[in-house]
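J.: What follows is a structure written as structure tokens; I'll ask about it next.
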Amino acid sequence: MLELYGHVVASRLLLGTARYPSPAILAEAVHASKTDIVTVSLRREMAGSRAGGAFFELIRTLGVRVLPNTAGCHTVAEAVLTAKMAREVFATDWIKLEVIGNHDTLQPDVFALVEAARILSGEGFKVFPYTTDDLVVAEHLMEAGCQVLMPWCAPIGSAMGPVNLPALRSMRAHFPDVPLIVDAGIGRPSHAAIVMELGYDAVLLNTAVAGAADPAAMAAAFTGAIEAGHIAFRAGMLEPRDMAVPSTPVIGKAVFS
Ligand SMILES: CC(=O)[C@@H](O)[C@H](O)COP(=O)(O)O
């Protein structure tokens with residue numbers, strides 16, 4: 001079981017709700033994933049053609065916890081305002097905090113992120129910061145009040161998978177007791193399994209499921225991979241080695257005369 005800000009969840013997959021071919025397919029994918037938490041972009045939905053209301057109503061019928069996010073925000077002020085609106089709309093103090101710093105990579109502006117995290121934590125929000133794999137930034141986020149960290153493994157929507165495994169590994173080692181959720185850049189179930197095998201607590205993803213030919217089937221595939229990676233980490237995996245080791249012990253040699 002995974003505990004996030006005192007809330008226990010069974011599923012280690014957090015699913016995004018953007019870019020699905022239709023609301024019905026989104027609902028199918030959420031059910032197939034068995035996720036407990038979906039993330040919803042307040043700005044995108046309110047600005048988009050779905051006009052917020054009907055989409056938010058659909059989300060409420062899914063029976064899962066909502067983690068609103070500040071996707072599309074580029075400044076501290078925008079992110080803080082969006083978080084406050086999300087708290088009203090979804091009646092939750094959880095917020096996935098994104099403050100984007102670069103249009104091409106969609107990488108977070110980590111300076112603004114820390115500042116916004118400090119403001120929101122001070123106002124009672126439970127902040128889930130979308131961050132890089134930088135340990136110093138992570139320390140500042142913890143000091144600003146975050147009790148969960150969400151490092152990227154690659155740019156949002158890139159589907160590249162973990163591009164810097166040593167950095168993710170050292171983040172896990174540096175924060176052994178902090179819930180760590182890989183957020184963004186996962187493209188395949190095998191990518192999710194790899195980060196879970198590092199000991200990560202969960203994975204948040206969107207594009208790889210929403211953009212699949214069959215989103216519900218892909219959601220189920222991710223759920224299986226995440227669970228497999230988590231079980232493997234706990235089971236204790238072998239370290240790779242250079243030389244062969246016979247898998248069948250050689251006790252004696254057969255004698256042929
Ligand atoms: C939905 C959401 O919050 C995204 O901003 C998130 O970072 C997921 O990234 P991918 O779409 O790459 O999975």
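Each residue, glycine too, has its Cβ placed from N, Cα and C.
As listed in TrEMBL for this protein:
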DOMAIN    4-249  domain 'Thiazole synthase ThiG'
ACT_SITE  Lys96  active site, schiff-base intermediate with DXP
BINDING   Gly157, Ala184, Gly185, Asn206, Thr207  1-deoxy-D-xylulose 5-phosphate binding site
J.: Tell me, what is the mean pLDDT of the domain 'Thiazole synthase ThiG' (4-249)?
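T.: Residues in the domain 'Thiazole synthase ThiG' (4-249) carry a mean pLDDT of 95 in this prediction.
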J.: Quiz question: given the binding-site residues Gly157, Gly185, which has the greatest number of C-beta atoms lying within 10 angstroms of its own C-beta?
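T.: Going through Gly157, Gly185 one by one, the largest Cβ count within 10 Å is at Gly185.
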J.: Between the Cα atoms of Gly157 (1-deoxy-D-xylulose 5-phosphate binding site) and Lys96 (active site, schiff-base intermediate with DXP), find the distance and write it as a whole number of Å.
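T.: About 17 Å separate the Cα atoms of these two residues.
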J.: With Cβ-Cβ distance below 8 Å and at least 6 positions apart along the chain, what are the contacts of Thr207 (1-deoxy-D-xylulose 5-phosphate binding site)? List them in sequence order.
T.: Gly16, Arg19, Ile156, Gly157, Ala159, Gly187
J.: Roughly how many Å lie between the Cα atoms of Asn206 (1-deoxy-D-xylulose 5-phosphate binding site) and Lys96 (active site, schiff-base intermediate with DXP), rounded to a whole value?
T.: 14
J.: What count of other C-beta atoms do you get within 10 angstroms of the C-beta of the residue listed as 'active site, schiff-base intermediate with DXP', across all chains shown?
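T.: Total other Cβ atoms inside 10 Å, all chains included: 26.
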J.: Using the CB centroid of Gly157, Ala184, Gly185, Asn206, Thr207 as the 1-deoxy-D-xylulose 5-phosphate site centre, which other residues of the same chain sit with their CB within 8 A?
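T.: Apart from the listed residues, the neighbours are Gly16, Ala154, Pro155, Ile156, Ser158, Ala159, Ile186, Leu205, Ala208.
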J.: For Ala184 (1-deoxy-D-xylulose 5-phosphate binding site), what residues in its own chain, 6 or more apart in sequence, show a Cβ-Cβ distance under 8 Å?
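T.: Residues satisfying the criterion: Leu106, Tyr130, Trp152, Cys153, Ala154, Pro155, Ile156, Gly157, Leu204, Leu205.
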J.: Give the helix, strand or coil assignment DSSP yields for Lys96 (active site, schiff-base intermediate with DXP).
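T.: The residue in question, Lys96 (active site, schiff-base intermediate with DXP), is strand (DSSP, three-state).
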J.: Return one of helix, strand or coil for Ala184 (1-deoxy-D-xylulose 5-phosphate binding site), based on DSSP.
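T.: Once the DSSP labels are grouped into three classes, Ala184 (1-deoxy-D-xylulose 5-phosphate binding site) ends up as coil.
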J.: Using DSSP, would you call Gly157 (1-deoxy-D-xylulose 5-phosphate binding site) helix, strand or coil?
T.: coil
J.: Measuring Cα to Cα, how many angstrom lie between Lys96 (active site, schiff-base intermediate with DXP) and Gly185 (1-deoxy-D-xylulose 5-phosphate binding site)?
T.: 16
